[in-house]
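Annotated features, as they stand in TrEMBL:
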- 1-22: signal peptide (SIGNAL)
- 179-379: domain 'Cytochrome b561' (DOMAIN)
- 218, 254, 287, 323: heme b binding site (BINDING)
- 219-240: transmembrane segment (TRANSMEM)
- 252-274: transmembrane segment (TRANSMEM)
- 286-305: transmembrane segment (TRANSMEM)
- 325-342: transmembrane segment (TRANSMEM)
- 354-379: transmembrane segment (TRANSMEM)
């Protein structure tokens, strides 16, 4: 069993870790660049050409709108990596008067983060920007809509001894006048930053990579614990107890599987709490509520073993009803929350989810087969008992006639 569990953990971890990154391109309708990279969030990418003789960087950022009245922005933080605050950015959005795409410069100081006032356009004081423009993919016939692709062009003068760029990007739903409003606060929106070297093209995402690994570990452990082991433990309790040949062994198997699942689930639940604490402002209400409810029910199930009445106790049947109701509720919520977790990880169409569905389908198939077998055995026993009763009645009638 330990070997199977190890293989399952390894299989799910590899599947979840293999993220499908979007493709980047070095060619646009007006320019061709030397290098490009896909960015880790929002299906964005960036292409550039670096001119070392004058330390000039020509680039094009590729982003997408999420609203016809929204905005898309890209910029550079000249001081601090992995932060929006302090960045000098270019934001593209439809002009409130003409509806045409415009590109304006903004400085994201601390007042923007605290939302003390509207974000107002102003010159980029530190960033040496020689030119900038924006265009929609598709040319003049393109319109700003949900999913529309935008290209932000810029030429930036860099320091001759620094080829690393700390850049940020994001998008929002609305623009009030010429003031972009705050972007959404999903995990991808709060981790849209990275550092890349303009000469080598090597990119690093410091905080997001560690967070992603922790999320994958959290997902794998919980999928195995709440999504597989606990349902498997319920299956053993329902069907193995009917096998008289193994005696009380079914109970120890059931308890071992459930206890292992609960211990692993506790680790996964703790990782989830750590992820929540490390992501202020990011909330997954349904996933969080289901996780807390599932863990609470599982803890109550474990504690209920300490108060398990003997078979001769008159309260035994009430305890069994409670145990069955809470147990099945915990299993159902655990499985539902695993699927919710795939959506949180944006792995709804991944091979990891397919692999989990196959494991769960196999378990369901075993349940169906054993349920059918149980009913066949039950009907056979009922028929045999009926025949015995009828045979006994006939024998008694015959004895009465002869007497």
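Placement of Cβ uses the backbone N, Cα and C atoms for every residue, glycine included.
All TrEMBL annotations are machine predictions without curation.
This view paints the features noted in TrEMBL onto the structure.
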residue : record              : Cβ contacts under 8 Å, 6 or more apart
218     : heme b binding site : 268, 271, 272, 275
254     : heme b binding site : 233, 236, 237, 240
287     : heme b binding site : 337, 340, 341, 344
323     : heme b binding site : 301, 304
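Under 8 Å from some Cβ of the transmembrane segment (286-305) lie the Cβ atoms of residues 222, 226, 230, 255, 258-259, 261-262, 265-266, 269, 272, 276, 319, 322-323, 326-327, 329-330, 333-334, 336-337, 340-341, 344, all in the same chain and six or more residues away from its ends. In this structure the residues listed as binding heme b are 218, 254, 287, 323; their two most distant Cα atoms lie 27 Å apart.
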